[in-house]
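Asks: Quick one: the structure is below, and I'll ask about it shortly.
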Amino acid sequence: MDFLTLFLIYLCSVLAVTALLCLCSGRKESFLTRSVDRASQVLSLVIPTQLQRVTHQALHRIFHTRSCLFVVLHVALQAAVFGEYTWEVFVYCWELQFHLLLLLLPYLLLAGNLACFLLCSRANPGTVTKSNAASLVKVYAYDGVLFQRGLVCPTCTVEKPARSKHCSVCRTCVHRFDHHCVWVNNCIGASNAGVFLLYLLSLTATAGAVAAVTAAFLIQVLLLSNIMHGTYLDAQGQEQPVEIPFLVQHLFLTFPRIVFMLGFVILLTLILGGYCSFSLYLALTNQTTNEWCKSRRFGGSPHLPSQPHDRPLVYKNIYSKGIWRNLKEIFNPPTVLERKKK
């Protein structure tokens, strides 16, 4: 049980760190940032002023400016996982005569994921400029609730098209703004939302494929060793039937790095799978993350200037056109001419 306790602590630690990193992604003021700010207020009584200034500058650079830190972390995690998969899992599975296509599947998915990653990070998300603002205003109608006609961005000094938002990290307005993703170091908007969805799907599939092949290898090892049907001697020298805790401990002692990697990849697959499901829901209903968050908070917001005070505001998604047309719009954003034809 001591081993299982340590292993569960490891799994919980990986899950907690991954969840905190995901909370940081795409938020102007994330949970982690607020927690650090509160902690810094308490520690300011004992920490030297110079050290406080350096720490504040470092945190601001990480979470409020465009930085390659999370991109490097992203690449490092993939390199670590595939390094372990290549040098141990692939070699062992090849010796056990696993099908070659099954072993190469994670690499094929990784190649597709890297291509989507490069396209998503390098693409223009749909920047609103003074030259294209007038045409972008005509693409989407204003719903009168989340998006009001005639509002001007005080930073960019351009009229804000419907479904756009100013990103404080990129310091520009983005058409059909979804969120700013620190993992690709770019905003997600009208022009790269489809590629970002493919990036998420391919990343989830890659992690799932690595987890599936690794789990199949460990199960095959247990079957070949016949340990699943035997007994073992406990600390008192008595025979005990083999149970799951003993099997996990046996695998950990035999393949420690593989077991640690499998635990991390399984948790990553679950987290990415949940986020993919949410992103697919937004795509099929023609919503952005920004719009979804605003609509959830809308019940407690005050009346907008254009709305009568005696009428409650009712939000309705006017941009949804059906599942297939919504999905098509993600990969082929509408233009002014297309909207006029309709």
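Residue 1 is the first one shown; counting continues down the chain.
Heads up, the Cβ atoms here are built off N, Cα and C, so glycines get one too.
Sharing the feature lines straight out of TrEMBL:
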- 150-295: domain 'Palmitoyltransferase DHHC' (DOMAIN)
- 6-24: transmembrane segment (TRANSMEM)
- 68-87: transmembrane segment (TRANSMEM)
- 99-120: transmembrane segment (TRANSMEM)
- 196-223: transmembrane segment (TRANSMEM)
- 258-284: transmembrane segment (TRANSMEM)
Asks: Short question: which residues 6 or more past the ends of the transmembrane segment (196-223) have a Cβ under 8 Å from it?
Replies: 81-82, 85, 89, 92-93, 96, 98, 102-103, 105-106, 109-110, 112-113, 116-117, 120, 178, 181, 184, 188, 247, 250-251, 254-255, 258-259, 261-262, 265-266, 268-269, 272-273, 275-276, 279-280, 283, 330
Asks: Mean pLDDT over the domain 'Palmitoyltransferase DHHC' (150-295): what is the value?
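Replies: Mean pLDDT, the domain 'Palmitoyltransferase DHHC' (150-295): 84.
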Asks: With DSSP, how much of the domain 'Palmitoyltransferase DHHC' (150-295) is helix, how much strand and how much coil, in residues?
Replies: 83 helix, 20 strand, 43 coil
